[in-house]
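Peer 1: Features from Swiss-Prot:
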- 35-37, 41-47, Thr231, 261-262, 269-271: ATP binding site (BINDING)
- Asp67, Tyr212: L-glutamine binding site (BINDING)
- 34-44: motif ''HIGH' region' (MOTIF)
- 268-272: motif ''KMSKS' region' (MOTIF)
Amino acid sequence: MSEAEARPTNFIRQIVDEDLASGKHKSVHTRFPPEPNGYLHIGHAKSICLNFGIARDYQGQCNLRFDDTNPVKEDIEFVESIKHDVEWLGFEWSGNVRYSSDYFDQLHNYAVELINKGLAYVDELSPEQIREYRGSLTAPGKDSPYRGRSVEENLALFEKMRNGEFAEGTACLRAKIDMASSFIVMRDPVLYRIKFAEHHQTGNKWCIYPMYDFTHCISDALEGITHSLCTLEFQDNRRLYDWVLDNITIPCHPRQYEFSRLNLEYAIMSKRKLNLLVTEKIVEGWDDPRMPTVSGLRRRGYTAASIREFCQRIGVTKQDNNVEMMALEACIREELNENAPRAMAVLDPVKVVIENLTTGVEMVTMPNHPSKPEMGSREVPFSRDIYIDRADFREEANKQYKRLVLGKEVRLRNAYVIKAERIEKDAEGEITTIFCSYDPDTLSKDPADGRKVKGVIHWVSAEHALPAEIRVYDRLFSVPNPAAAEDFLTTINPESLVIKHGFVEPSLAAAQPEKAYQFEREGYFCADNRHSSAEHLVFNRTVGLRDTWAKIGA
């Protein structure tokens, strides 16, 4: 990571500065605690950049800890993908990877301590009854009939829960706090529930599993976390976080701070809804280039640096706000405009025959970047038969159309001026071939007689071009806030993926997966990291040359 990316300013960093200056903490210790029940998305990337970035900038530590307390929804596949995403984004965690399940024995002991203090009880209400008894924002809850059990009875029942003597959903351990609290999270929250499921780390050792709110704070304390950073939806949960730590024997009491979550327009961040997109086969998988997942963005052609830059630009605040998709797209567009080598690709080809070109193949020198000579150049074959894009030719056009028109001239990029003389069509009236002449004295220079040729179009040699599948990706949803729709699936953009079969210049034969290029006049593309091969080239559009959605929203 470059120095330019370092040291942003936000309210959390101000808190860290104050804590270090006052001596409250001698060093900084943060953590990133994802649940391994799905792939990380751009919202997680914001949290990663915040937690790991603070640890890096203050020469502290940041743990990677998996909040693995629900074996039913978790999988080792997600564990491995999350580790890969964190490393790909450019960060390293401190020490070994940690798991909340590492602390299951200690968590059980702390639960027993709460029971012994009369602060937890085994409840045999059904989950539906617990919800009913909890009350609402306007009505207080009411006590469970099992709330008054003795310490001895609760200890015995909790042991039975651990031994598998209760069926799932028939008993749970709850904190004894205040059923009339104005904060619903404090109305005797569940601490442990029963799940007969094999755990990816602990196997079948446990059939009771701690809840997030009980696990999270204790794990932070056991690891000596100094600043526990969460998104705003956990603001009320801070009361429970502090209550648990205040009522058990543990030397460390971290402080939780909340920041705004990332709400990205034209995207969905809910894991449940993202999973639905996958299971309903609306997308190819979690790494579909239209998904807001880190793996999807990577496959689409986003770089780690562009995602870090985006997270720095949007900042860290206490107020939820919506971020425009164009802000994310601008970060990768700016980077690729600066760094991506140029290449020519024809997405919707029509054949051009240059009738007065009698020589064989000529190699034309092209710069890899128009403003960076240090990136070198390449030799591109030019021959009698070429392909141009169908949109670059019209039989008739007005003066604003600066491409190839029947009877008029246009320049081929870094090559010659050609003139459309006649066309050939098939039985359906579709143009199959454009017959042209060329001016042999115009290789990368103006005509000698001073005539003006305004348009420039790209091309590839028909003999040497490589067939390629070109996937033109766009925003997955057609409205800025798909989550607000009654059925978010009805807002899917039908044009979010358009597959074209075109041709690319031969220099792209060995394009490496995720390698970015600017296809001149088309946009930024990369070789697909799943399907592209030397035998079958597949390129994904990362982003267009300019923001076309800005016109739609105007």
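Along the chain as shown, the residues are counted starting at 1.
The backbone N, Cα and C atoms fix where each Cβ goes, and this holds for glycine too.
Any idea what these are sitting next to in the structure?
Peer 2: The C-beta environment of Lys46 (ATP binding site), restricted to residues of the same chain at least 6 apart in sequence and closer than 8 Å, consists of Arg261, Leu262, Cys311, Ile314, Val316.
In the structure as shown, the Cβ atom of Asp67 (L-glutamine binding site) sits within 10 Å of 18 other Cβ atoms.
Listed by sequence, the residues of this chain that lie at least six past the ends of the motif ''HIGH' region' (34-44) yet keep a Cβ under 8 A from its Cβ atoms are 66-70, 73-76, 78-79, 81-82, 85-86, 200, 212, 231, 261-262, 264, 267, 269, 271, 274-275, 286-287, 291-297, 307, 310, 328.
DSSP labels the residues of the motif ''KMSKS' region' (268-272) in these numbers: 2 helix, 0 strand, 3 coil.
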Peer 1: Mind checking which residues of the chain, 6+ beyond the ends of the motif ''KMSKS' region' (268-272), have their Cβ under 8 Å from one of its Cβ atoms?
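Peer 2: Here the qualifying positions are 37-38, 41-43, 261-262, 292, 476-477, 482-483, 488.
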Peer 1: Write out the long-range same-chain contacts of Glu35 (ATP binding site), meaning residues 6 or more apart in sequence whose Cβ is under 8 Å from its Cβ.
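Peer 2: Result: Phe66, Asp67, Asp68, Thr69, Asn70, Lys73, Glu74, Tyr212.
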Peer 1: Looking at Cβ-Cβ distances, which residues of the chain lie under 8 angstroms from Ser270 (ATP binding site) while being 6 or more apart from it?
Peer 2: Ala483
Peer 1: With DSSP helix as H/G/I and strand as E/B, how many residues of the motif ''HIGH' region' (34-44) fall in helix, strand and coil?
Peer 2: 3 helix, 1 strand, 7 coil
Peer 1: Could you list the residues of the same chain, at least six apart in sequence, whose Cβ is under 8 A from the Cβ of Asn37 (ATP binding site)?
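Peer 2: Listed in sequence order: Asn70, Lys73, Glu74, Asp75, Phe78, Lys271.
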Peer 1: Please work out the number of neighbouring Cβ atoms within 10 Å of the Cβ of His44 (ATP binding site), leaving out its own Cβ.
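Peer 2: The answer is 22.
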Peer 1: Would you count the other C-beta atoms found within 10 angstroms of the C-beta of Ile42 (ATP binding site) for me?
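Peer 2: Its Cβ has 22 other Cβ atoms within 10 Å.
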